[in-house]
Amino acid sequence: MKTLVWQSLSDSQQDTVLQRPAITEGANITAAVTSVINTVKQEGDAGVFALTEKFDGVKPDSIRVSNAEIEAASDRLSEEMKTALKQAYSNISKFHQAQKPQPVKVETQPGVICEQITMPINKVGLYIPGGSAPLPSTVLMLGIPAQIAGCHKVVLCSPPPIADEILYVAKLCKIDEVYNIGGAQAVAAMAYGTESVSKVDKIFGPGNAYVTEAKRQVSNDFRGAAIDMPAGPSEVLVIADESADPDFIAADLLSQAEHGPDSQVVLVTPSPIIADQVADAVERQLKELSREDIARQALGSSLLIVADSLTQCVSISNFYGPEHLIVQTKNPRELLPLLDNAGSIFLGDYSPESAGDYASGTNHVLPTYGYTRTYSSLGLADFSKRMTVQELTADGLKGLAPTVVTMAEAEGLDAHKRAVTIRIEKLAQLDVNKQEVNQ
């Protein structure tokens, strides 16, 4: 890891240092994904079967995982694993239950009632990657808010064979449909539907470059599906002072670096001593990792930054806007009001990022690659939609009419104006009729 003294860098050098590597999808990936999507759209289940055999080397008897298979997977799982997953489920559920919005109803002026109501997205799709290790934590992070939000149908796709842990969590989250489909073909199947796979309104979940590109393409097609957020490499930034434990910091940096060679890890500290100690601790701990080669590649583009104060550390962090932000200082909560841009913040020596990744209760699906400036961590709101309601009485419209008419005239929208005045004229005539009856 490079050690840099912040004050020794020019403004342009500081900007360059904190720039992330460009994410580029080759034309070959774009073309390949377009071909996969078209195959699924045109051939449905048959196309999915063919693509699964081509890319996964598997010919499943059925695309859909049966309830019997899910129960069998649950039976095979150890009690230790079930207990861990249930504890994580409980904590994540508690945090997301607390996010339920309250209805809004306001009388903005006499006779004018405005409301905001929240409804679940009708159908959602969850993509869970395959790979060398199962990711039941991702099922929890996606399945629980979908369940609490009340989405009417939840579809899960994962490359075959689907791990027992994933199927068990799908059962915990009461996911409606589980399919043996991976890659871009899974995204296409959920976005457009097939004979077996239900079309969904929004797709959630991480994946490789092909999955990411497929999500981008279907989200740009009005016939496709919305997606959760832009994707990017995993990253962590640690703010630490002289009170921090360098071994803890090193472990936190490495826990992010082992995700992949494109992961970004950054330490910002006012203490040169801590920077040196962390560099030594990283090297020691690296040798103990099964994914040492991957972590070492990530560390090659990562940074140790020595700032002149904690205030400057905060400024650097806010400019960078990390996915994960760990604050290991003497009084970490004092810095919290100063922190503007981060996906998830971990305060204090005993709040490792791993806790949030798995079981503290917060969601581990987070904006990365600088998107923390405009995107938030995944939550209940992402599985919901807001609708506004307004109801005006006759007197309410009378009171509001002059404002609406004046603004419609200013914008040259005669029909907008007429929609109000025709009602006011009708009300005036009714008033005249009432007066005549009463005379």
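Cβ atoms are placed via backbone N, Cα and C, with glycine included.
Annotation source Swiss-Prot lists NAD(+) binding site at Tyr127, Gln185, Asn208. The substrate binding site annotation in Swiss-Prot covers Ser234, Gln256, His259, His324, Asp357, Glu411, His416. What Swiss-Prot lists as Zn(2+) binding site is Gln256, His259, Asp357, His416, and the listing cites sequence analysis. Positions annotated as active site, proton acceptor by Swiss-Prot, on the basis of sequence analysis: Glu323, His324.
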For the substrate site as recorded (Ser234, Gln256, His259, His324, Asp357, Glu411, His416), determine the largest distance between any two Cα atoms, in Å, rounded to the nearest integer.
55
Among the recorded positions Tyr127, Gln185, Asn208, Glu323, report those whose Cα falls within 10 Å of that of Ser234 (substrate binding site); none is a fine answer.
Glu323
Among Gln256, His259, His324, Glu411, these being the binding-site residues, pick the one whose CA is nearest to that of Asn208 (NAD(+) binding site).
His259
When DSSP states are folded down to helix, strand and coil, where does His259 (substrate binding site) land?
coil
Under 8 Å Cβ-Cβ from Tyr127 (NAD(+) binding site), six or more apart in the same chain: what's there?
Leu156, Cys157, Ser158, Ala186, Val187, Met190, Ile203, Phe204, Gly205, Pro206, Gly207, Val211
Between all pairs in Tyr127, Gln185, Asn208 (listed as NAD(+) binders), what's the biggest Cα distance, rounded to the nearest Å?
13
Counting all other Cβ atoms within 10 Å across every protein chain shown, which of the binding-site residues His324, His416 scores highest?
His324
Rank the recorded positions Glu323, Asp357, Glu411 by the number of other Cβ atoms within 10 Å of each Cβ, and give the residue at the low end.
Glu411
Quick one: pull the CA-CA distance for His259 (substrate binding site) versus Gln185 (NAD(+) binding site), whole Å only.
24
Cα distance, His324 (substrate binding site) to Gln185 (NAD(+) binding site), nearest Å?
30
